[in-house]
């Protein structure tokens, strides 16, 4: 029986003075170990999702930690029968998740994490539940009673927040996204604007599904993912009918 492919997603908001200098080092390590996927680098940190053997993806993760001098990394690992990525790319970006808001300090303004085991009970008591993902993702699946901002890109989310200031004012706000990184920025944005009670699902939808198996059926549908699987079911297996056919 062949070894399953590990899919590792990791992000960290850590100051990187010269992110471009990391590109050849990460490409060298990743390609040598037959790792595939995408790693985004910027001065605000890194955000990557890549696949390979369990040993190989963890070696790339350790290289990322070493090069950025950080241990504070949000990590998620699951498995697949084949690579969901076709090659390794390491890219330099202005932001590791593009919101297009200048001078937003994610480490200064932070929403409060809600653990996956507490999420179901928590969202049944909250005033506002916001799905921070894009409309095409929400259409595939979302939590019951969640608000869909109907954005086409994450850069449109700040405008939605401004347009819905009265809806959000003085409310307890619960937010969620696929793997957690967009919620780091969206909750930071709301906190920086003066909203006090802002919370988000730790580890995102993927961690929630792994930990809870959607036992209370508050999650409805599948979870859109940005690789060749396109969507995963409650058990994180590729959702039927979504796998991207390769040419």
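One-based numbering along the chain as shown.
Cβ atoms here come from the backbone N, Cα and C positions, even for glycine.
Following the DSSP three-state reduction, the secondary structure of residue 177 (active site, cysteine persulfide intermediate) is coil. Taken from Swiss-Prot, the feature active site, cysteine persulfide intermediate applies to 177.
Mapped onto DSSP helix, strand and coil, the domain 'Rhodanese' (123-217) counts 40 helix, 16 strand, 39 coil. As annotated by Swiss-Prot, domain 'Rhodanese' applies to 123-217.
Every protein chain considered, the tally of other Cβ atoms within 10 Å of the Cβ of residue 177 (active site, cysteine persulfide intermediate) stands at 24.
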